[in-house]
Structure formats: C-alpha cells, structure tokens
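Engineer: One structure, pasted below without further comment.
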Amino acid sequence: MSIVRMTDLDLSGKRVLIRQDLNVPIDNGQITSEQRITASVPTIKLALEKGAAVMVTSHLGRPKEGSWTEEDSLAPVATRLAALLGVDVPLVRDWVDGVEVAPGQVVLLENCRMNVGEGKDDETLARKYAALCDVFVMDAFGTAHRAQASTHGVIRFAPVAAGGPLLMAELDALAKALDNPAKPLLAIVAGSKVSTKLELLSNLVNKVDQLIVGGGIANTFIAAAGHAVGKSLNEPDLIPTANRIVADAKARGAEIPLPTDVVVAKQFLPDAQASVKSLDAVDADDLILDIGPQTAQRYAELIASAGTVVWNGPVGVFEFESFSHGTETLARAIASSKAFSIAGGGDTLAAVDKYDIAQDVTYISTGGGAFLEFLEGKTLPAVAALQARGQ
C-alpha cells in the first residue's frame, strides 16, 4: 500500500493536524460510549511523544454548517480526552484561519462539520485546513468513505499527508482478509434485506469459498431455492438476483450453504413461542427468526475449518433470547477458531459484546459504512487520496 504512515515520520517540532473519528453518542452532555475516544488516544500520544504541536479535529452528529450549538459541540469530548491523556486539551472554537499550539501541546478543534463547505469538500476550506499544518494525519477510518474537506480535500493540499495508526490497522486487516486471505475464506453476511447488502454479496461471491447468509437475506435465498418461508421477511422481487449470486458462486466452485432447519414463531415478539422445524415444514403463518441447531452446528464446523472469516451481521433475531442461539453458536465458533477473523457493522459489534468475544476476534472494525463499502469493493475517497499522495 503506497500510503505514507504517520509512524514512519519525524514529527519533532512539526504542526500536526489529526482527523479523528470522535463522533460519540452524547446524552444530556454525558458521553454514553467512549470507545472512539479511547481508540484515538494512542495516535495522539504518539504524536506528542514525537514532539509535535498537535491539533485534533472530528465531526460530531450532523450540525448545520455555519452555526455553533452546544449540543453539537465537542466540549464533552475535550474533557474526556484530557482525562485520558493526562494533559490539558483546550477546545478551540474558531480555528479555520489559524491555531496557536506549541510542540508538546494538544488542542481539540471544534466540530469540523460546523465549517461552511466541509460537507461538499470545498477546495478553499480544504486549503485553509492544509495551511494549518506541516503534516496532516487521516486516522478516521469510519469517515474514509466520505469525500469531505477534512477527510479528502485537505489530503490533496497538505504539505505531507499520512495515514494514522488506526486507519492503517483497519486497512491492513481488510487487505489481509480480502486481498491475500488464508484459505478457505468464509464470509457471513446477514441482515434484514438483500437490497441493502446486494453490492456486498455480489462482490464477496467472487472472492469467498463459502458465503453464509442469514436473517431476512437468507429467507430470500431460501425462497429462491423453492422453499416456503411463510410470513418471514423476504424480497420476492430479488429472487432472480439471489439465483444469479448462487450461480456465480457455483461457477467459481464456491458454496452458499442454506439452512436445513430453522427456528420459527407465529409472532415477532421477545416471548413468542419458538419451534425448531426442518426447512420443508415451514407453515404459511410461520416467521423464520433464527437458524436451527443442526444448521448452526454445520456452519460452526465450516468456521472451524476456515482460514479467514469475515463477519457482517447476526444470523437471527439475537436480541430475543429464544432466537439468539444461531448467532451465539457462530460467534463462539469464530472465537474458538484459529482463523484470521474480522467483524464489523453495528449489530455485529453488539453481538460481539453480548457474547463477550472481543478478545477472541482478530480484528474488530469500527468503520461502519466505510467497512461495508470496502467489502463492496468500492474505492474509499480518503484512501484513494492518501495513495495518490504516497506515490
């Protein structure tokens, strides 16, 4: 990868602007999950240790450009960052035209989405960002799929543009999983709709050895194979698409294994009566809400023999205890497998937390939309810009 890495640069005495993803949930001024702040600390510490004058910025929510509001302010983040770093972290409100910061100091620059032109990647604004620093560091993988002034434009104009440790760890893990995977490569793609994961399925089917589908997506594939799915969430108009994906897999010698048993209920409720049925016994009024134990065991065996596992999406309604066993079985199989494993996506991370397996997954992506776009085979604007500067 032709990207300049921040870890390789001499930053002594340099003004360094770091774009982090500090977009954390805040309720009544209280941060409810500080995972992203904690993740950013090593990068900031490293820049300080290297003797840099450090400026950090991030977006928070979706403020109106050109107006400051307390609810969109990074003030609670500055307080938390100061506690984690053990140094003062002043919040600078109007910073586009210049920032005072000395080597060994760090300042947090107010929510960059408040700046007029940020969202549309305005060149004048991007040049102003670039003029603030000697080195720009892009460390926000979660926004790498957005072409904005602080994630794309500034990379073009900064004297030096580098990838930060968080961003590079994410890119290295994804490259290891997709570009040069230990075989067999198995992907789990689950979710409510084929339509939302269509590009993902279409891209992965050309890379994987096994593709396990789950949730509403699986129901559409089950229907495409000629089985009844009752009242289950599925997309009849996408049956031809599902058949094409299956044909593409077969042509490559890859496999999309379908469930042989499922867990059904008559209502979509946490306390609904759950019944295990073979796939050909699903009634017209049944809802398929999980894979059955036989299927879960078969999938777990595939995971155990995989060299690489990419996991995006729980295979059942794991929030309801009666319909969580499929997802739990696969989660535990991933945790105990020797494969290189990468997990990403909001619901997937919730499952990782629920079953407490974070320490047993090789790499957990916090990238969200950027993670999905990478899996879809798309070029991420920030990554492309960093590669162009690294040539």
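Keep in mind that glycine also has a Cβ here, set from the backbone N, Cα and C atoms.
Okay, these came from Swiss-Prot:
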- Asp21, Leu22, Asn23, Arg36, His59, Leu60, Gly61, Arg62, Arg113, Arg146: substrate binding site (BINDING)
- Lys197, Glu319, Gly345, Gly346, Asp347, Thr348: ATP binding site (BINDING)
Engineer: Rounded to an integer, what is the Cα-Cα distance in Å between Asp347 (ATP binding site) and Gly61 (substrate binding site)?
Structural biologist: 20
Engineer: Starting from each candidate's C-beta and looking 10 angstroms out, tell me which of the binding-site residues Asn23, Thr348 has the most other C-beta atoms.
Structural biologist: Thr348
Engineer: At a 10 A cut-off on CB-CB distances, which of the binding-site residues His59, Arg113, Lys197 has the highest count?
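Structural biologist: The residue with the most neighbouring Cβ atoms within 10 Å is His59.
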Engineer: Within 10 Å of its Cβ, which one of these binding-site residues (Asp21, Glu319, Asp347) has the largest number of other Cβ atoms?
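Structural biologist: In terms of Cβ crowding, the pick is Asp21.
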Engineer: Which whole-number value in Å describes the distance between the Cα atoms of Glu319 (ATP binding site) and Asp21 (substrate binding site)?
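Structural biologist: Cα-Cα distance, Glu319 (ATP binding site) to Asp21 (substrate binding site): 28 Å.
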Engineer: Of the binding-site residues Asn23, His59, Arg113, which one sits closest to Thr348 (ATP binding site) when you measure Cα to Cα?
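Structural biologist: Closest by Cα distance to Thr348 (ATP binding site) among the binding-site residues Asn23, His59, Arg113: Asn23.
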Engineer: What whole-number Å value do you get for the CA-CA distance of Gly345 (ATP binding site) and Arg113 (substrate binding site)?
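Structural biologist: The separation of the Cα atoms works out to 24 Å.
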Engineer: Let me make sure I understand the span of the ATP site: among Lys197, Glu319, Gly345, Gly346, Asp347, Thr348, what is the greatest distance between any two Cα atoms, in Å?
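Structural biologist: Output for ATP binders Lys197, Glu319, Gly345, Gly346, Asp347, Thr348: max Cα distance 21 Å.
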Engineer: Which Cβ among the binding-site residues (Gly61, Gly346) has the fewest C-beta neighbours inside 10 Å?
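Structural biologist: Sparsest of the binding-site residues Gly61, Gly346 by Cβ contacts within 10 Å: Gly346.
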Engineer: Taking the Cβ of Gly345 (ATP binding site) as centre, how many other Cβ atoms lie within 10 Å?
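Structural biologist: Excluding its own Cβ, the number within 10 Å is 23.
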Engineer: What is the interatomic distance between the Cα atoms of Lys197 (ATP binding site) and Asp21 (substrate binding site), given in whole Å?
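Structural biologist: Per the Cα atoms, Lys197 (ATP binding site) and Asp21 (substrate binding site) stand 24 Å apart.
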